[in-house]
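Novice: Feature table excerpt (TrEMBL):
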BINDING   109-116, 191-195, 249-252  GTP binding site
DOMAIN    270-283  domain 'SRP54-type proteins GTP-binding'
Amino acid sequence: MVLESLGSSISSAVKKVLRAPVVDEKVVKELVRDIQRALLQSDVNVRLVLDLSKNIEKKILEEELPPGITRRELAVKVVYDELVSLLGGERPQPPKYPKGKTTILLLVGIQGSGKTTSASKLAWLFKKQGYSVGLVCADNFRAGAYDQLKQLAEKAGVAFYGERDAKDAVELAVNGVKKLKESGTEIIIVDTAGRHKNESALIEEMRQVAEAVKPDEIILVLDATIGQQAAQQAEAFNSATKIGTILLTKLDGSARGGGALSAVVATKAPIRFIGTGEGIEEIEVFNPKRFVGRLLGMGDIESLVEKFKEAEISKTGKDTMSAIASGRFTLKDLYAQMQAMRKMGPFSKILQAIPGFGMNLPKESIDLTEEKMKKWMVIMQSMTEEELTEPHIIDGSRARRIARGSGTTTKDLKELLTQYKISKKYIKQLVKKQKRMQGLKGIFTAR
Ligand SMILES: Nc1nc2c(ncn2[C@@H]2O[C@H](COP(=O)(O)OP(=O)(O)OP(=O)(O)O)[C@@H](O)[C@H]2O)c(=O)[nH]1
Ligand SMILES: [Mg+2]
């Protein structure tokens, strides 16, 4: 069996849903099982797996579909949302360190993960934010380490401490921190050594360095290209020195960084920054939404959601056509039309395209703007299925509930219902008049 990273196995589970001809209960159950398996294989706590997957299943199967959203779309969106929240939620969260005090950051990670490069990137970034910054080279293992960091410190324009030929890494780190602290440096970044082999010695050294330096935050530097090994690495470091945050490097290549998800789960530490190149400026605050989109292989989830919507609209468009042809025209049809029309551009054109809108009313009596259309769509989203198909049942108490639920007023609702009635009446006349003509379709599919 090929051991996939947590990210890529979830990604393939979601792709299965995307490929399924219909998304029914069976497909959803399989998705949930796949996700459970992926999580369990990554040693995620059983309790957490059950909670998470139950949550996903419930949301996909029981949530009422918003108009124009398919179950498939919902399924992808639910998984996406859960992963985003697992990775820290909506907004990127840049760290805030106190001014006028010393904060010590210790970078750990295996050889070649990008510690030294990332140390200088962080230094550059914090300096730009107005902090005084210093870099400490605590790597006495690799011959070139001292010169590498010294040069990068010059590039970033920050202080540097290092000792050529130092014997002891712990002493080296302590000396550096002491020296920079004395000179009033606000953020001290300690770069440590990596190892090829003999990782237990590395882990032990990190433990000792951390104990001596007492960092405010230990940053695990993780190479995005390593896949499943990420979990083991993260765990090994985390058991020796409590990892505070993760910095994910080399996301500029083709790597999706799926291993990072396992690392986050293993350490419960959030990803704060990502490295997107070799240059000193190529660092970004981690953005969970963008990352999950990429992880699921969807680049930009918005465009996917958009695509599903389009498909759904053309389908409802057809349904609406036949509804109209038979003289049946509900608020649902009106909603679908508005949604489709909004994508078509100039509002004046939209007005002309919806039967009855803007035609039967004097222009000045109704200020039909994009705003208003949006408001009406929100109102319709607050209605029940029954109210949408049988609007005449909307009485006073229902009206108040709908207005409350949509953050509008009953006056807004009344206005919408009036418009709906005018549209419906107009359509009836239209259907009668043009019964034998085929031109009707053209009105609705105007591009
Ligand atoms: N493309 C790309 N390359 C990176 C990134 N971060 C680091 N690198 C490259 O990865 C290689 C190793 O980076 P270092 O910063 O020296 O790694 P290290 O963890 O300090 O390595 P050791 O000190 O030997 O343990 C270098 O060639 C860097 O240029 C990144 O975000 N993108
Ligand atoms: Mg290094």
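Note: Cβ is positioned from N, Cα and C throughout, glycine not excepted.
Burial and contacts for the listed features, if you can.
Specialist: Under the three-state DSSP scheme, GLY112 (GTP binding site) falls in the coil class.
Sequence-distant contacts of the domain 'SRP54-type proteins GTP-binding' (270-283) (same chain, at least 6 residues past either end, Cβ-Cβ under 8 Å): 87-88, 93-95, 114, 117-118, 120-122, 124-125, 152, 155-156, 219, 224, 245-252, 257, 260, 264, 291.
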Novice: Taking the Cβ of GLY109 (GTP binding site) as the centre, how many other Cβ atoms fall within a 10 Å radius?
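Specialist: There are 25 of them.
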Novice: In the domain 'SRP54-type proteins GTP-binding' (270-283), how many residues does DSSP call helix, how many strand, and how many coil?
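Specialist: DSSP composition of the domain 'SRP54-type proteins GTP-binding' (270-283): 0 helix, 6 strand, 8 coil.
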Novice: Quick one: of the binding-site residues GLY112, LYS115, THR192, ARG195, flag those whose CB is under 6 Å from ligand 1, and say none if nothing qualifies.
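Specialist: Only GLY112, LYS115 qualify.
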Novice: Can you go through the binding-site residues GLY109, GLY112, THR192, ARG195, LEU251 and pick out those with a C-beta less than 6 angstroms from ligand 2?
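Specialist: Those binding-site residues that pass the cut-off are none, since no Cβ is under 6 Å from ligand 2.
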Novice: What's the number of neighbouring CB atoms sitting within 10 A of the CB on LYS115 (GTP binding site)?
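Specialist: Other Cβ atoms within 10 Å of LYS115 (GTP binding site): 27.
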Novice: How many neighbouring Cβ atoms, not counting its own, are there within 10 Å of the Cβ of LEU251 (GTP binding site)?
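Specialist: Its Cβ has 22 other Cβ atoms within 10 Å.
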